[in-house]
Amino acid sequence: MSNVHVISHPLVQHKLTLMRRKDASTNSFRRLLNELAMLMTYEVTRDMPTQPIEIETPLETTTGTVIDGKKLVFVSILRAGNGILEGMLSVVPGARVGHIGLYRDPKTLTAVEYYFKMPSDMHERDAIVVDPMLATGNSAIAAIDRLKEVRPRSIKFVCLLTCPEGLAALQAAHPDVPIYTAAIDRQLNDHGYILPGLGDAGDRIFGTQ
Ligand SMILES: O=P(O)(O)OC[C@H]1O[C@H](OP(=O)(O)OP(=O)(O)O)[C@H](O)[C@@H]1O
Ligand SMILES: O=c1cc[nH]c(=O)[nH]1
Ligand SMILES: [Mg+2]
């Protein structure tokens, strides 16, 4: 599973454990997701291109290093992706943002698209697709199928939690897309929920249960 990166940093694991607890409030769930997303961004953007820039310190001229945030596009799978998006944008505020609206049909567990909006010139941008949950993989696969139609320069997928079933499905459909996650849980239940998991991410972020 060389294309799968599990971010096992103690801070990430600590916050994820607090989020899993069923008694975590909407407020603390959202705040923790935000903090986790910031920490995960550090790993996910480790290889992003930089360029040298000449600057003046109060004492002399020197050469510093900057990124070009505009070349990055965070692609949020609605709704729950927006919980990760917020944290990522606080670390890379210049990034562009795309949205893909998808929901899982509760009976068939297939993904149904209701919205798609990307920045222009996607072929010049590196896309990071975000969604807290990779369960059956149907939503991530549908989102990446659709995203590939506008030909971004590269694609990564970031989630908080996944399971062997979702990883296998996404890797089979899009072997070129690296996957970043904070944990690989045990399995899916009969309703397509991750066990032990954290429940329905969208409902917990937005308090819609
Ligand atoms: O891997 P899958 O089996 O496709 O499941 C994962 C999807 O399920 C959840 O979205 P949901 O359909 O609940 O929509 P929401 O974000 O609007 O709540 C989650 O945020 C993922 O998008
Ligand atoms: O466990 C799961 C599976 C899919 N979507 C969620 O929000 N949670
Ligand atoms: Mg949901």
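Including glycine, each Cβ sits where the backbone N, Cα and C put it.
Unlike curated records, TrEMBL annotations are generated automatically.
So that you can see what the record holds, here are the features copied from TrEMBL:
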type	residues	note
BINDING	R79, R104, D131, P132, M133, L134, A135, T136, G137, N138, S139, D200	5-phospho-alpha-D-ribose 1-diphosphate binding site
BINDING	I194, G199, D200, A201	uracil binding site
DOMAIN	6-208	domain 'Phosphoribosyltransferase'
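Put simply, of the binding-site residues G199, D200, A201, the one whose Cα is nearest the Cα of R79 (5-phospho-alpha-D-ribose 1-diphosphate binding site) is A201. Checking the binding-site residues D131, A135, G137, I194, D200 against ligand 3 with a 6 Å cutoff on the Cβ atom leaves D200, in sequence order. Cα of A135 (5-phospho-alpha-D-ribose 1-diphosphate binding site) to Cα of G199 (uracil binding site): a distance of 11 Å. With the fewest other C-beta atoms within 10 Å around its C-beta, D200 stands out among the binding-site residues D131, D200.
The Cβ of M133 (5-phospho-alpha-D-ribose 1-diphosphate binding site) lies under 8 Å from the Cβ of A80, C159, L160, L161, T162, I194, G197, A201, each of which sits 6+ residues away along the same chain. A mean pLDDT of 97 is what the model gives for the domain 'Phosphoribosyltransferase' (6-208). In sequence order, P132, M133, L161, Y193, G197, L198, G202, D203, R204 are the residues of the same chain, not among I194, G199, D200, A201, whose CB sits within 8 A of the CB centroid for the uracil site. Pairwise Cα distances among R79, R104, D131, P132, M133, L134, A135, T136, G137, N138, S139, D200, which the record gives as the binders of 5-phospho-alpha-D-ribose 1-diphosphate, peak at 17 Å.
Among the binding-site residues S139, I194, A201, the ones whose Cβ sits under 6 Å from an atom of ligand 2 are, in sequence order, I194, A201. Listed in sequence order, the binding-site residues among R79, G137, S139, I194, G199 whose CB lies under 6 angstroms from an atom of ligand 1 come out as R79, G137, S139. Within 10 Å of the C-beta of G137 (5-phospho-alpha-D-ribose 1-diphosphate binding site) there are 25 other C-beta atoms, taking all protein chains into account.
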